[in-house]
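Enquirer: Take a look at this one; I'll ask things after.
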Amino acid sequence: MADYEQEQEMEVEALQAILMDDIQEIDPSESGIATTARCFQILLSPQDDDFDESAYVPVQLALIFAHTEKYPDEPPLLNVKSVRGIKPDDLASLKEKLDQEATENLGMAMVYTLVSSAKEWLSEKYGQNGGDDEPEETEEPEEEVIVPHGEAVTVESFLAWRERFEAELALQRAKLMPDSALTAPKEKKLTGRQYFESGRHAVKGASTVADEDEEEEEDIEFDDDFEDDEEDMLEHYLAEQSGKSTA
């Protein structure tokens, strides 16, 4: 018996040192517990030390306990009261939770463990980020749905179009080039890029490069610079298909 009393006294002293003004001894008649043993009340709030009371109306809970004769081999007598703002249903739920934890911690001083559990519950239920209200969902702007027009682009359709495009382009450029440019010696023949950059395609009757006694038929040669980048051609193709679909 002496060992239980000594252990209980040591626990009370430790709680007073840790909780300071938040723990006080009260009359058993005020405890709500059917006992004549010493009763203690611990005040709990959900906020931390840096809590801004001006931005939130705090709630407060009173955890009341009394040691039994064989505590800690028996659970303590417990009661919870609302000092401010705690719903009765929530108090019943918390009391059940603490009774269960007390049973799980038999054999050791457990009041401070129960205090920590009650404060954690209080913070989750009534803290700044707690409560029953669900956070409002932020409306996100709806993404614009792009509706495709025209035929779908495939590798085969693009390659077929590219062949037609290159043939038409070569034909158009051949018509613009003067005969003298086509019959000029190869070493002096202008590349397609040089010809268009020089502006000669805009002036008919430009000076010939050289006269040849015998004209030989040659295949029209174009510099590699004539070939457009495939990405540019794809953009041209898509624009062409889009124009057809809207026509």
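Easy rule for this one: first residue shown is 1, then count along the chain.
Every residue, even glycine, has its Cβ placed from backbone N, Cα and C.
The domain 'RWD' annotation in TrEMBL covers 10-125. The region 'Disordered' annotation in TrEMBL covers 125-144, 201-227. According to TrEMBL, the feature compositional bias 'Acidic residues' maps to 131-144, 210-227.
Are these features on the surface or tucked inside, and what are their neighbours?
Expert: If you take every residue in the domain 'RWD' (10-125) and average the pLDDT, you get 91.
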Enquirer: With DSSP as the yardstick, break the domain 'RWD' (10-125) down into helix, strand and coil residue counts.
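Expert: Grouping H, G, I as helix and E, B as strand yields 52 helix, 25 strand, 39 coil.
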